[in-house]
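Reading through the structure tokens given below for one structure.
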């Protein structure tokens, strides 16, 4: 039984005798035999080759690295190092074995000589424990067995789940704070003075929202929209944005401490990846010469230019979404359905958000191909460098794919559209959108809510259903065959390996970037949770609920639906930490800009302390925001409309109102506009400096490495020196 354990399985189609593919396959297997590998062949509809490495390979590995791994697991009869280390080493040798034609396994797979290569899910005690206690929906609130995950999948996967668990745990606090802010908005700010004024403005006639067919309208018609806006846009969101900027820093600092504790327990704190890579190269080929570090400024410049071109394309797609919203608004306002006419702007925002989600799904696939192509151009030296380079590129592309449209809504919508009589138009025809008199923040709220909900429902359902359905179908196809074998009269006994290899082959394929995809999904979610959280306080709550399911979903996929992932050694989450730190800084800038520019918080404060009735004498008992709406609307003379536009029938009177701070005679900006502009700028500088200072203080206050870890190393050094002496 012990002899029947195999490190890896190679799968090939049955090729014609003497064909080029068969020759190439034989050459590769001969190279493995020369290295002392045991190979077992099983024939079914495909050819399966079981591969087992000789003991001396692992003895060399342990000797070169004085590896403490052998103490960590109960060794089997022939396994004196952990299964994870064994698989990792065998995978390295398989990937770097060169045939006489100078081809590696990667090249042979491209040429369809081999179809698959994977380690096996074996009936180990650890696996059964993880299947029963971790990879089940019922364990959704249970703590994760990180040590057991490490023993089965290796350190890199264990660190991913440790990070995801820690992130989800701390998200709970942010979710509670966000929910409190939202509930407070519903209860306290629902009846704010500003929304009250909008609801009572039955005599305020607003300018038409489009050129043809759109009538003049009363400000009081948008009473509900105003109430919703002031649930989101209030003083509470400013405090919450500041809280989230600090939360992002504290989360990362606490994670660094958690990670230091975990990897110290694994004896990997000072592990050197480069040393391990060189050791494996020498074990594979004693004549191997180390690859030199190289840097080409020319190649870097070309890659940088190509990245900029790709970013320009992604921004162009965001422009396309803007044009869609403008055209959709114009078409909805001319619709025969009364509901569409009345809610034209909201419908355009909602359908635009769905379209944005579809572009995210499509461009994610395109971004991946472009990022991989650019990585190949860059020619990184090691897998780790390749992964880091790929991470930076795909995150940059995904960031622009996900956030370009949101950036437009937050910072440009309603600010670059001109004014009545002089509108900015697309192709000289369609007017750019305007903000509602109570602000643009609700548009941003709707866009974020739809994208987050769609990403967390449709994407997760597809992520689970696709491998689950294919797994069930494979099982169904195999059942009749098994029954025939059992009922056959003189059938030879089936090789026990055959069933195991077949069942592993039928699982969904994994690749080097399978874990990367999970990380990317979570980091993009982290961006949504922090960068525009001032506009969407429920983002942390949605992320928290999603992550509770995400942990078990990933566990079930890895344990039950996918082939075993090749274990990788790691002592941190790699370049993702720098990405998360960059997002933390972007969160401060983003939330500062949302409050200063998107929100009506600053104009309202300027009004309260400069122009409101409270600044007059004898104003006790008066709400300081009384008269704000009238103050924030400018007056436009109907006779000044552009001649080719035909607004609906004019109202009783000669003027209509629109949201801006302009003079009634020449439509130039008023003094109030410049007051507000200066206040926005001052707040932005103040908010960002205060938030960044608080982040720095939090980073200093929480040490990266716990004292217990430092003391452990100090005691160990002391004991070693004493022993030497």
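The backbone N, Cα and C atoms fix where each Cβ goes, glycine too.
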From 486-513, 570-597, 598-625, the residue range that TrEMBL assigns the feature transmembrane segment: 570-597
Stated TrEMBL location of transmembrane segment, expressed as one of 344-363, 364-383, 424-443: 344-363
Candidate ranges 198-221, 270-293, 390-413, 462-485 [criterion: TrEMBL lists as transmembrane segment]: 390-413
157-183, 643-669, 670-696, 697-723 - the one TrEMBL records as transmembrane segment: 157-183
TrEMBL annotation of transmembrane segment - which of the ranges 118-140, 302-324 it falls on: 302-324
For the domain 'Anoctamin dimerisation' (81-146), the mean pLDDT of the predicted model: 88
Secondary structure content, the domain 'Anoctamin dimerisation' (81-146) (per DSSP, counts of residues): 33 helix, 3 strand, 30 coil
